Amino acid sequence: MACARPLISVYSEKGESSGKNVTLPAVFKAPIRPDIVNFVHTNLRKNNRQPYAVSELAGHQTSAESWGTGRAVARIPRVRGGGTHRSGQGAFGNMCRGGRMFAPTKTWRRWHRRVNTTQKRYAICSALAASALPALVMSKGHRIEEVPELPLVVEDKVEGYKKTKEAVQLLKKLKAWNDIKKVYASQRMRAGKGKMRNRRRIQRRGPCIIYNEDNGIIKAFRNIPGITLLNVSKLNILKLAPGGHVGRFCIWTESAFRKLDELYGTWRKAASLKSNYNLPMHKMMNTDLSRILKSPEIQRALRAPRKKIHRRVLKKNPLKNLRIMLKLNPYAKTMRRNTILRQARNHKLRVKKLEAAATALATKSEKVVPEKGTADKKPAVGKKGKKVDAKKQKPAGKKVVAKKPAEKKPTTEEKKPAA
């Protein structure tokens, strides 16, 4: 939005356009790098920390000595003496009640972080560029639905305000009071132990007022909740991107807005108020890739497109896939049908033969006359349905074994010799 409109309207204290226009500073077209903003914010935020440490004597203000081995107890130092519960209890160790912590904290920790100056300036440029895009500002939670324009620039007369009621009236005329009402609605008690440490209440962030000279503007705006006041010569990334997230709603005075080109320069001219500083440039000046690829310079270097398309055909087994077989051999369908019909015809013939044989056998068995003595017996039938003669018929059951005739023993009379 800001990049498409090079002129910015200046609004009066009544919330109407004053008729004056300001050229959009080049810093609002700088690349937006959330990664750099977050990195710089994280490191600069660490510089506000206050060193802390536990007492060097904590956990060691008792007399204790290890009992050594052979007592069937741990070798941790134990309090000496007797007559009290404390005697014999473990001491000093971090696993003991009343002992010191593991690796007691020291005040000589590396609390501060150094950040490159150019990197800090890059982060501020990114935060300023993001503050001119309504989508990013609204995604941060600012209520700017009725704000006439972004970036929002007002006349320098605002820098001379000394009363809060004048500041409130200005915000209402600029339709920015909805953002303050959001702050009022968000005021609540902090969760956690910060309540005990003089950080009881928390609230959302409101607009950031950026001015050039303080002629009373600080006193006018400082009592409105959520408002942050910044001098354009001392912009702070911690205020322009709270939490390391770009998209703060900023209200500029005219003189502060015009001073941005001198502070950060343009791509044609270096910054006059900073030594050896040039505005960061985009890695791609034109992000329309389709336009770049279709440009004659690129097309001239490319080879001609290959019109012929080679598609890989999935090979299927025609013996298993009928559709593929019919593609290769259309007569296969007729052959398969003829085979099925032939099999059905053969099956019918086989069934008829079996029925005829069974009928013939039944008629034969009815014509046979039974012999004498064999009226009660059923005719013996062979394997193929033929009758067996009585002579050839084998007796059923166990085989009869022929026994030898028993020899007679000679009597006593026979034993006597003849006289």
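The backbone N, Cα and C atoms fix where each Cβ goes, and this holds for glycine too.
Annotation comment: Swiss-Prot describes 364-379 (among others) as compositional bias 'Basic and acidic residues'.
What Swiss-Prot lists as compositional bias 'Basic residues' is 393-402.
Summarising the annotation, Swiss-Prot assigns compositional bias 'Basic and acidic residues' to 404-419 (among others).
The feature SUMO2 cross-link is assigned by Swiss-Prot to Lys239 (among others). Lys239 (SUMO2 cross-link) falls within a helix when secondary structure is assigned with DSSP. Sequence-distant neighbours of Lys239 (SUMO2 cross-link) (same chain, six or more apart, CB under 8 Å from its CB) are Cys208, Thr228, Leu230, Arg248, listed in sequence order.
Residues or ranges marked as SUMO2 cross-link by Swiss-Prot: Lys327 (among others). When Cβ atoms from all protein chains are considered, those within 10 Å of Lys327 (SUMO2 cross-link) total 12, not counting its own.
Sequence annotations record features per position, and here Swiss-Prot assigns SUMO1 cross-link to Lys364. Within 10 Å of the C-beta of Lys364 (SUMO1 cross-link) there are 12 other C-beta atoms, taking all protein chains into account.
Residues or ranges marked as N-acetylalanine by Swiss-Prot: Ala2.
Under the heading N6-acetyllysine, Swiss-Prot lists Lys14 (among others), citing similarity to another entry as support. Neighbour density for Lys14 (N6-acetyllysine): within 10 A of its CB lie 11 other CB atoms from the protein chains shown.
Annotation for Arg97 (omega-N-methylarginine): same-chain Cβ neighbours under 8 Å, separated by at least 6 residues, are Gln89, Gly90. According to Swiss-Prot, the omega-N-methylarginine annotation covers Arg97, on the basis of a large-scale study or a structure entry.
Lys106 (N6-acetyllysine) counts 11 other C-beta atoms within 10 Å of its own C-beta, drawing on all protein chains shown. According to Swiss-Prot, the N6-acetyllysine annotation covers Lys106 (among others).
Annotation comment: Swiss-Prot describes Lys259 (among others) as N6-acetyllysine, evidence class a large-scale study or a structure entry. Long-range C-beta contacts of Lys259 (N6-acetyllysine), restricted to its own chain and to partners at least six residues apart, with a cutoff below 8 Å, comprise Asn212, Val232, Ser233.
Positions annotated as phosphothreonine by Swiss-Prot, on the basis of similarity to another entry: Thr266. Around Thr266 (phosphothreonine), taking its Cβ as the centre, 15 other Cβ atoms fall within 10 Å, counting all chains.
Annotation comment: Swiss-Prot describes Ser290 (among others) as phosphoserine, evidence class similarity to another entry. Counting only residues at least six positions away in the same chain, no Cβ atom sits under 8 Å from the Cβ of Ser290 (phosphoserine). A helical conformation is recorded for Ser290 (phosphoserine) in the three-state DSSP classification.
Residue environment of Ser295 (phosphoserine) contains 12 other Cβ atoms, counted within 10 Å of its Cβ in all protein chains. Among the features that Swiss-Prot reports, phosphoserine is placed at Ser295 (among others).
Around Arg300 (citrulline), no same-chain residue six or more apart in sequence has its CB under 8 Å from its CB. Arg300 (citrulline) carries a helical DSSP state (H, G or I). The annotation citrulline is assigned in Swiss-Prot to Arg300.
Within 10 Å of the C-beta atom of Lys333 (N6-acetyllysine) sit 12 other C-beta atoms, taking all shown protein chains into account. Swiss-Prot lists Lys333 (among others) with the feature N6-acetyllysine.
Looking at Ser295 (phosphoserine) and Lys327 (SUMO2 cross-link), their Cα atoms lie 47 Å from each other. The Cβ neighbour count for Lys353 (N6-acetyllysine), using a 10 Å radius and every protein chain shown, is 10.
DSSP assigns Lys353 (N6-acetyllysine) to a helix in the three-state reduction. Taking only the Cα positions, the spacing between Thr266 (phosphothreonine) and Lys364 (SUMO1 cross-link) is 124 angstrom.
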